[in-house]
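Record features (TrEMBL):
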DOMAIN    10-126  domain 'Response regulatory'
DOMAIN    151-216  domain 'HTH luxR-type'
MOD_RES   Asp61  4-aspartylphosphate
Amino acid sequence: MKAVASKRIQLLIADDHRVLLDGLVSLLRTEPNFEIAATAENGEQVIDWLNKTEVDVCLIDISMPRPDGMELTRWIQQHKPQIKILILTTHDEEEIIAEMVQAGIAGYLLKSCTRHELVEGINRVMSGQFFFSEAVSNRIIDSYKEQKKETAEEPVTFTEREKEIVQLLAKEYTNEKIAQTLHISYRTVETHRKNMMLKTKARNLAGLLRFASNQGLIRL
């Protein structure tokens, strides 16, 4: 009985840097179970190819023109949800990684990844798994540790005088009026406000009042 050959993974590779795009094609073409179905240098070309070509996995950059990787991911999720999306980018910011995961990607690689990681990533997402390169995984873990550390820090508390001042700020009192009301100097009011901003890491008055509201000190 003749063995049936396994289907090769159909790849669409998109990057707006031609040299990198050509390099990826040359690299992945040597893999026996991969077939390069199409290449593209912008989002419009990707959409055009996907409307006329069978593709299993899209390997795309985030920083691409017309549309970018984020918008393109959303389009694929809406119109071609069966296609697996694997990001290959220089962006290692945890906010961007989280946004791309929410948009529907199956994997995230940095352009500093190894050939092994790239090949493994394609195979893993094709099999229905999520895949993050080691650098991305480390970035996510570091971010989680930092958030956990911040959560474990001593809670922010206001002095009685600071509570009085923030309550008057919520009533839209000026520094001058607060000083008159509490019988303290204008400079003292400024000092207390600055201390509260530092404690809460608020960037402006709105942030300070929002923190005070969350703590039950005022009503907005």
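Keep in mind that glycine also has a Cβ here, set from the backbone N, Cα and C atoms.
In TrEMBL, annotation is done automatically, which means it is predicted and not curated.
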Stretch-averaged pLDDT - the domain 'HTH luxR-type' (151-216):
90
At a 10 Å cut-off from the C-beta of the residue listed as '4-aspartylphosphate', count the other C-beta atoms across all protein chains.
23
Over the span of the domain 'Response regulatory' (10-126), count residues by DSSP class, listing helix, strand and coil in order.
52 helix, 26 strand, 39 coil
